[in-house]
Amino acid sequence: MFRVTGTLSAASSPAVAAASFSAALRLSITPTLAIASPPHLRWFSKFSRQFLGGRISSLRPRIPSPCPIRLSGFPALKMRASFSSGSSGSSASREILVQHLLVKNNDVELFAELQKKFLDGEEMSDLAAEYSICPSKKDGGILGWVKLGQMVPEFEEAAFKAELNQVVRCRTQFGLHLLQVLSEREPVKDIQVEELHSKMQDPVFMDEAQLIDVREPNEIEIASLPGFKVFPLRQFGTWAPDITSKLNPEKDTFVLCKVGGRSMQVANWLQSQGFKSVYNITGGIQAYSLKVDPSIPTY
C-alpha cells in the first residue's frame with residue numbers, strides 16, 4: 001500500500017497552488033536577456049522562484065545513483081524511446097531540458113491513472129495541460145533548461161539520473177511528479193584569449209567559426225579583432241528576433257566584449273536559442289590586448 005508521508009500546503013485550485021509555491025520558496029535564476037527568450041524559458045525564470053528550491057547556496061549538488069526513483073505501490077515505468085548515453089556525461093556541467101506534471105500527494109489514484117494514460121500513448125504535454133497543478137501546465141509541463149543545484153533535491157535526483165526520453169517518478173513536498181528529460185547540453189564554455197589567438201591563425205577556423213562582437217560601435221572604432229561580426233548588445237531588439245537567419249546554431253560561436261561580462265550574457269542567450277557550441281571569450285578584448293597583442297588599444 002502506498003503511504004503518503006508529506007502534504008501539499010497549496011490550495012486545491014491550480015491558480016492558488018501556484019501562488020502558494022511562490023510564497024513557499026525563493027530562488028532567483030532570471031535570464032539576463034529574457035526579452036526574446038522562448039515562452040517556456042521566460043516562464044522558467046519566473047517559476048524558479050516558486051518550485052526550484054530554497055536558496056541555491058543551500059542545495060548541494062548530488063551525483064545521481066544508477067537506478068530511477070521508485071514510488072512504492074506502482075509498477076515500473078516503461079520507456080517511450082530508446083536509451084541514449086545522456087547520463088554518462090558530467091553531471092556537474094550537464095544541463096537538461098525537463099518536462100513534468102504534478103499532482104497533490106494525496107491524489108494517488110489520479111497519479112496512477114495519469115501514469116496509465118501515458119503508457120497507453122497519451123502525450124505528457126496534453127496530460128500536464130489538463131491535470132497538472134504546476135504553473136508549467138500552460139507550457140505543457142516544460143520547465144526549461146536546468147542544472148544541478150537549481151531544483152529541490154528529490155526532483156533533481158530523479159531528473160539527473162534519468163536517461164533521455166525516459167519517464168520517471170518522484171515525490172517532493174509539492175506532490176507526485178511524472179517527469180521526462182527531453183534533451184541535454186553542456187553549458188557555455190570559456191575560452192582564454194591565448195587559445196583564441198592560436199585558433200585565429202588557422203584559416204579553416206576563421207572560415208568556419210562564428211565570431212561575434214557585442215560591444216557598441218563607438219567601442220569597436222577604438223579597438224577590434226579581425227573576422228568578428230558586430231551585434232551590439234544595446235541593439236539586441238533589432239538583431240535577436242531573427243538571429244538564426246544571421247548565424248548557424250550548429251557552428252561553433254565565439255562571443256567577445258570588452259571584459260567578458262556582456263559576452264557571457266549573449267552567450268547564455270544564444271545557447272537558450274538552441275546554439276549548440278557557444279564560447280565566451282574570457283577577459284574580452286582588453287585581455288587580448290594585455291596578454292596577446294599590445295598593439296590593440298585599451299580603453
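Note that Cβ sites are derived from N, Cα and C of the backbone, with glycine treated the same way.
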**Prompt:** From the set SER82, SER272, SER277, which residue is assigned the annotation N-acetylserine by Swiss-Prot?
**Reply:** SER82
**Request:** Could you break down the residues of the domain 'PpiC' (93-183) into DSSP helix, strand and coil, giving a count for each?
**Result:** 34 helix, 30 strand, 27 coil
